[in-house]
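Asks: Here Swiss-Prot flags 28-51 as DNA-binding region, drawing on sequence analysis. Marked as [2Fe-2S] cluster binding site by Swiss-Prot: CYS91, CYS96, CYS102. Per Swiss-Prot, domain 'HTH rrf2-type' is recorded for 2-129.
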Amino acid sequence: MQLTNFTDFGLRALIYLASLPKGELTSITVVTETFDVSRNHMVKIINKLGQEGFIKTVRGKNGGICLGRPADQIIIGEVIRSIEPFNIVNCAPEFCHITPACRLKTALAKAKQAFLDELDQHTIQDMLTENNELLILLKRV
């Protein structure tokens, strides 16, 4: 199963924010430069993550972004459910004439659920715990 770039970069942004010292704000520009992604794309991602409560935005001269809740309370499966469209196949009868008898949609739904069930066992904090290699890459050690 492949996640959209939107979700991929959203998870990366959360991991980056979790690597910051508690209470430290950063800018969207810093996040975009860290992952070499378009600023416009990252603004949309940060806005969505903010709407979902995963990121807190602070306006003003000394503003920035940070996690909206502790990293050990941000469940990866929950993040993905919030921002990933999950249109695995188009099963509308006007697009596929075998829809009434097809069992593929059910099998794919079960696979998606197993995928999310596994990701529900992991938090953003889990991605950083005892992971000095990642912290070095994020320049946090």
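Cβ from N, Cα, C; glycine included.
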Asks: Using the Cβ centroid of CYS91, CYS96, CYS102 as the reference point for the [2Fe-2S] cluster site, which residues of the same chain not in that list have Cβ within 8 Å?
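Replies: So the extra residues in range turn out to be VAL89, ASN90, ALA92, PRO93, PHE95, ILE98, THR99, LEU104, LYS105.
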Asks: As a quick check of your reading of DSSP, tell me how many residues in the DNA-binding region (28-51) are helical, how many are strand and how many are coil.
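Replies: Result for the DNA-binding region (28-51), in helix, strand, coil order: 21 helix, 0 strand, 3 coil.
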Asks: Under 8 Å Cβ to Cβ from CYS102 ([2Fe-2S] cluster binding site), same chain, six or more residues apart: give me those in sequence order, or none if nothing qualifies.
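Replies: Same-chain residues close to CYS102 ([2Fe-2S] cluster binding site) (Cβ under 8 Å, separated by 6 or more) are CYS91, CYS96.
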Asks: Using DSSP, how many residues in the domain 'HTH rrf2-type' (2-129) fall into helix, strand and coil?
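Replies: Its residues fall into 71 helix, 11 strand, 46 coil.
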